[in-house]
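Swiss-Prot lists 266, 286, 295 with the feature S-adenosyl-L-methionine binding site. Feature annotation from Swiss-Prot assigns region 'Disordered' to 1-71.
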């Protein structure tokens, strides 16, 4: 048989004799020790799934950036007039052709003209398209994106003032009306600014502007990438961090806020988050005579800011 070196008369070529099968001595096995399970596809840098995930994340970030830079269109006769009365920054007033000019339309056009805001008459179909067929009643006010400050800017502003620093931080407040009302209270009681998280928080929209009664033009609002780190930096700068909660172990009557202070207001539903609580020097509750369990976030902030202002006048 061909290739059978065991047959009689066969001659084996030198160096072709196979020896006994020998393993690696455990080298390959030891080389694999400690590596653990194979990571999922999206965690392997060169895997198509990982590349796809990175591309999706980048696209989402770009969309978020574009959204943050987009202008806002306030719709309806009452909302537009309220924004103009509150001196909300605006770049254009759109009036649909053929709109009945009642008192609200007339006053809106007059205020816009006095402030140098462009007044543009457009076909109603154009305003329908611009508003995604929202209820505009023939009026639309274009509002530019709000220019947010940096948290460090608030500290610099506070240090330039003779009075001790007074800042308000919002822990995931989602209602822009609460944000606007808090900004208004900060302005009324000599606060130096408001800090909001960059994500999962109300932003300074036209609704917030309107609720603030124009105070957003005087009180800087800063966005924090990480609210907990920002609170820690405030604490390192010597500010007292005071959280508000109905179940706080310190009452407002016991609080001493004559020194530099940050008041942290929790979200409307869940209150202060666990990590934010851990950064607070005190959790303060507001004494109430009636059976009401808690106050609205903006009302609670206003009560505390009024008390701090009283302490600092004494």
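Along the chain as shown, residues are numbered 1 onward.
Glycine is no exception: its Cβ is also placed from the backbone N, Cα and C atoms.
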Largest separation between Cα atoms (Å) of residues that the record links to S-adenosyl-L-methionine, namely 266, 286, 295: 14
Neighbouring C-beta atoms (10 Å sphere around the C-beta of residue 295 (S-adenosyl-L-methionine binding site)): 16
Cβ-Cβ distance under 8 Å to residue 286 (S-adenosyl-L-methionine binding site), same chain, at least six residues away: 244, 246, 251, 252, 295, 300, 303, 304
Residue 266 (S-adenosyl-L-methionine binding site) CB neighbourhood, other CB atoms within 10 A: 23
Extra residues within 8 Å (Cβ to Cβ centroid of 266, 286, 295), S-adenosyl-L-methionine: 244, 245, 246, 265, 285, 294, 296, 297, 299, 300, 301, 303, 304
